[in-house]
Amino acid sequence: MTAIDPQGLEKHTPMMRQYLTLKAQHPDMLLFYRMGDFYELFYEDAKRASELLGISLTARGKSGGDPIPMAGLPYHAVEGYLAKLVQLRVSVAICEQIGDPATSKGPVERKVVRIVTPGTLTDEALLQERQDNLLAALYQGKTGYGYATLDVASGRFVITELANTEALEAELQRTNPAELLYSEDFSEMSLIAAINGTRRRPEWEFDYDTCHRLLLNQFGTKDLKGFGIEDARLSLQAAGCLMQYVKDTQRTALPHINSIVRFNQSDSIVLDAATRRNLELTVNLQGGRENTLASVLDNTVTPMGSRMLQRWLHQPLRDHDIIRARQVSIEELLGNANYEILSEDLKAIGDIERITTRIALRNARPRDFARLRQALALLPQLQQTLTQAAAPHLKYLSQVIGEFPDELELLSRAVVDNPPMLIRDGGVIREGYNEELDQWRKLSEGATDYLHELEAREKQQTGISTLKVGYNRVHGYYIEVSRRESDLVPLSYQRRQTLKNTERYIIPELKEHEEKVLSSQGRALALEKQLWEQLFDLILPKLHELQDFARASAELDVLCNFAERAESLNYHCPDLSTAPGIQIEAGRHPVVEQVSQSPFIANPVTLNNERKMLIVTGPNMGGKSTYMRQVALITLMAHIGCYVPAEHAVIGPVDRIFTRIGASDDLASGRSTFMVEMTETANILHNATPNSLVLMDEIGRGTSTYDGLSLAWSAAEYLAKHLQAMTLFATHYFELTQLPELLSNVENVHLDAVEHGDSIVFMHAVQEGAASRSYGLQVAALAGVPNCVISAAKHKLHQLESRDHGKESCDAQQPLQQSISFSAPTPSPALEALAKLNPDELTPRQALDYLYNLKKLAL
């Protein structure tokens, strides 16, 4: 059987009919079907789970005449398997036994009690603690796109309206959703093809009236005007679909989702998808997280602070007032070194943001409450440090963080110091919190003393030295005697079980005690679970304040982190200016300087109305791309409030950062390297403004020399003359160095290098003026290109240069198409002798003689 057919249920066994009915309700998910101590999967689910999880595929009899493929996994190990499936973007429906097997006629009643999808995770074990886990929904309208994201683990709900595919692509890359819902009428499938975890939803789920009503019900408001989103029709349709999906999967109230924010692209510096990729903000070009800007800047002490920092990196602000408030806060934290004290306190606070959400969803575990108690206990100490702050923003954060003395007192009374992982077996509620619970526990715990007394008494009365009292879940309490002493057992003992070396018995007194003990244990556990549920009710009224406390603590963590990074890495506070331009003195690349084995060479840059474009030339590997990227990264860092790796920086208004650096074939879309390059260039030429920072690196490659040169020249001229964008334009077309002679706002700069014979030393220093040459052959030699190829290339280079200069030499008159000789270069006796020389073994006299001999060989 390869397909599940709910219509033909009558031919299956009762259990399989139950399974198939439940599976039909969750066709796109793996169904974990509880069978005793295992979760079992059948049919195609079993085959898929076997492949994804590496578990055995077997068969479970037949149903409907066909073998049933089956795979199983232990219930106690389910979280590990769920974590693996979530990473693979696979959703799971978990079906539990909710009926009593003892009273059930036919299959035990079962129900799907939990749905785990990649975008709706809240369980600590399934989440990456330092990364947001976003569920997104996308709706396409006639005027653009509506896009909504929700971090279920924090309640952060954001919508935005996007005018075109370029903006949508950038937003998808910025948010990087774990799961994406899209309507069945969505037409731009190439934009979402690379996203794992996409879910196609019926068009009616995006109905505006239904979505609008859903959101009103969630927020408990009469309209959405208070959120400023009433006119965002497309994104409200996306948000409504998303909200319904979360309700369906969580199957509980969602009180932590209590607001919605509209993200306006005009509030932040626009970074398109290519720019985010090329600048390696949080993910490097290979898809990893090492050697990124985040890897250098993120020394936060809380997971929620780390997540906030990454959001800031992808959303640099344009509002100078907010940026300056952050700068002033960092300055004060540095001035009195309070960031060190605050960071120690924040480290102990942990991830309150996600703990608060689990409390709101009523799926928090005992240790979540213990961590919340620990965090609340630290607040007086944290506030004592913050009260010394003069910076207005630090005062504001102190006010928002607040204190929670009543909740701290409650948790201190209610929860033991080191609670178990789960409430299932009790032991969570502290002694003294509830008098009735204490009484039931005493009755239960007193059983142990009684059993010891009974065992000692029976040993003495019977004379059986091996007699002992035991317990198991099947037979309850029993008296165990070795087989060799079983003839001493009194007639009043009733045999319960015979084992290989022992006999087990019961007596009426022990049975009566068992009933009392089990009754007291059961009542104690039931009451403890009831008190546990009441804890949620007592904490939830403070939910909003706890969420604010978490967000403010995360921001304080980021600011303390920026202070630490500034001091540790020698960063300085940039000046924000209303005058256009970017001026950086002794700027450094924040990532390269950390991974470089040699001292980083700092370089300046000046861009203003009189100097809008810099034509950057110099050798391959000379540092052109590094130089350009560092200007963009310093500019971006300045706009998140961070200090920057420069002696001094003045940054004017910036609305966008564009990068056209490097390219590769887009095989999925069937686009060549050159096509990708031209598409990115077109985007820049259509959207750049005088306040945009543009990085253009080596455009025009991948086509003929004259085509490439013409395109590069025209693009540079258009940027400088018509758009007047702040541009760094790196090129190997030396003809472009003539642009400053034609345009007054263009200048030449170059990366310096020193040639020594056939070798080259890169100085990595930016100098005014154009480079004299590109040193391509020297770089090729450094890369290990065979000497014969280098020699042939030198010959061809001389031939080309001779022709270009109109020389009448024999070489110049030879056709360029002539065959190149790749014979090895003639050996040099002088070089061979020099290679065999060990200078440490020579006396001064021998060295002088050797030098004369080398000169003769060279001649």
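For all residues, glycine too, the Cβ spot is worked out from N, Cα and C.
What Swiss-Prot annotates here:
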type: BINDING; residues: Gly618, Pro619, Asn620, Met621, Gly622, Gly623, Lys624, Ser625; note: ATP binding site
Near-site residues: ATP, ref Gly618, Pro619, Asn620, Met621, Gly622, Gly623, Lys624, Ser625, CB cutoff 8 A to centroid: Leu751, Phe762
Set of same-chain residues at least 6 away whose C-beta sits under 8 angstroms from Gly623 (ATP binding site): Ile601, Leu751, Phe762, His764
Cβ neighbour count within 10 Å of Asn620 (ATP binding site): 18
Assigned element (helix, strand, coil) containing Ser625 (ATP binding site), judged by DSSP: helix
Other CB atoms within 10 A, centred on Lys624 (ATP binding site): 26
Cβ neighbour count (within 10 Å, all chains shown) around Pro619 (ATP binding site): 23
